[in-house]
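Notes to accompany the following structure.
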There are 2 protein chains.
Amino acid sequence: MVQQSMTDSLIERPVFIVSDSTGITAETFSHAVLSQFEAIAFQSVRLPFIDSVEKADAAARRITQQADRGGPPPLVFSTLVDPEIADRIRAAPCVFLDLFGSFVHHLEGVLGVSASRSVGRSHTNGLSKQYNNRIEAINFSLAHDDGQYVQGLEQADVILVGVSRCGKTPTSLYLAMQYAVKAANYPLIPEDFDRGALPAALLPYRRKLFGLSIQPDRLSEVRNERRPNSTYASLKQCRQEVADAERLMRMENIPWLSTTTRSIEEISTKILDEVGLDRMSY
Amino acid sequence: MVQQSMTDSLIERPVFIVSDSTGITAETFSHAVLSQFEAIAFQSVRLPFIDSVEKADAAARRITQQADRGGPPPLVFSTLVDPEIADRIRAAPCVFLDLFGSFVHHLEGVLGVSASRSVGRSHTNGLSKQYNNRIEAINFSLAHDDGQYVQGLEQADVILVGVSRCGKTPTSLYLAMQYAVKAANYPLIPEDFDRGALPAALLPYRRKLFGLSIQPDRLSEVRNERRPNSTYASLKQCRQEVADAERLMRMENIPWLSTTTRSIEEISTKILDEVGLDRMSY
């Protein structure tokens, strides 16, 4: 995982992600912190659903086995909330990083109430309203991918527009999955540029439009993976489409950004920020 | 966000998520920690891309405005890595929770190297190999959703099977997006149960199959949202299909789990755990 692709000359360090639930919080956090140490190749193993003393003992044995192979002691990122379970892991030969312990204790003092210390609470329950909103948004984004379904666009929170393969689909799905945002997407194609106008189906929803663009050489690379050596993938065609699309978006006052070097996380956060949906996160 | 849906009788507490990048790490972490305090309704605002002293001063002003409205001081979850930027926020009237500071400092001692303290490193760059693997997996999962495309199944890391609307599609997309796992999915339908055999297209990939099931009453609810009062959505039909599917999966020795009360995060983590893909995370 983190920096796995680096060369063998790097120092290697084993990492365990230990959680009473999925481990996604601990994994996200460890990834962010460890990315600050570029000289070390971290090899991570996830140990999720450690929600009993028996499972903690099994996890501790696995960490001990790793330590017994020699080398520096493993790093353990823990989001365990039950102190008894956490202590079993802490006793193993490792550098124990207690993500919850210190913050929860601090917050108990600040907030003047005790934490429930109940396990597996970080993720919304599969039957909660908030969770259902996310699933509904995923279904909406799938149904309204690539302009395939125009009915229901009035329910969209945002409609992404841009040339084919500029990143609309993965961004729409990420917005839906992570933030329960109903994100449709609709392609801008050469016929639109010839007419010099937005697709007619989008005109009633002009305020919901957000544009994505991309550098022509990167677009050509992406399109060549799908249709090698086609006119569609040629640098000339990509340059023309991108220039036309950016001109149309400027003319229509559609906010837009370039996806070229950005991840779907970054693109999505910028969109939420710009269209004022930043309170909608689950 | 966290516990926003709770009633007005709860104590309210403003929360700011401050990051030099997307804020997703800080948001995930704050969500997990704050879910331990059920008696308080947290109102979160994300302040992403705070990567200069000027932006930090603007963020600090916003936090100060909130504090000036009275009530308890806002909580600030920060993943700012630049100490100068972090100090600007820390000086505002707030409870400053420095997610990186303490752990990065501790790890510098443990690892014997200095952290790079470069901003926005938590997410894979939009041009990296790891990132491209995720996008490729998303495209694969979309193309192989609901058995619509059989070519290329040999490239799948896992093929989810189960009755219609049991959760295969969102789980496949989550596995692809979060873990770069090429997750196809294929429906089990009454014709398969009549034959008492898996769909022929799946037979070469038996080892890649993982089943999802669901309680019949929950399935009936989900199907009724899509096709109200249909035979397809009837409790009788759902009971029959679920019983038949579970019998087939047992007969064919396909590992499976119930999605009824689980989130896609939990389902995905369990699948990775069971099929031994737990090292594939990005």
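Even glycines carry a Cβ here, placed using N, Cα and C.
Annotations in TrEMBL come from automatic prediction, not curation.
Here is what TrEMBL records for this protein:
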type	residues	note
BINDING	B:Gly162, B:Val163, B:Ser164, B:Arg165, B:Cys166, B:Gly167, B:Lys168, B:Thr169	ADP binding site
Same chain, 6+ residues apart, C-beta under 8 Å of the C-beta of B:Gly167 (ADP binding site), given in sequence order: B:Leu212, B:Ile214, B:Thr259, B:Ile264, B:Ile267
Residue among the binding-site residues B:Ser164, B:Thr169 whose Cβ has the most other Cβ atoms within 10 Å: B:Thr169
Chain A, Cβ under 8 Å: which of the binding-site residues B:Ser164, B:Cys166, B:Lys168, B:Thr169 qualify: B:Thr169
Cβ within 8 Å of the mean position of the Cβ atoms of B:Gly162, B:Val163, B:Ser164, B:Arg165, B:Cys166, B:Gly167, B:Lys168, B:Thr169: remaining residues of the chain near ADP: B:Asn185, B:Pro187, B:Leu212, B:Ile214, B:Thr259
Most Cβ neighbours inside 10 Å, all chains, among the binding-site residues B:Arg165, B:Lys168: B:Lys168
B:Val163 (ADP binding site): tally of other CB atoms within 10 A of its CB: 27
Chain-internal residues near B:Gly162 (ADP binding site), provided their CB is under 8 angstroms and they sit 6+ positions away: B:Lys168, B:Asn185, B:Pro187, B:Leu188, B:Gly211, B:Leu212, B:Ser213, B:Ile214, B:Ala245, B:Trp256
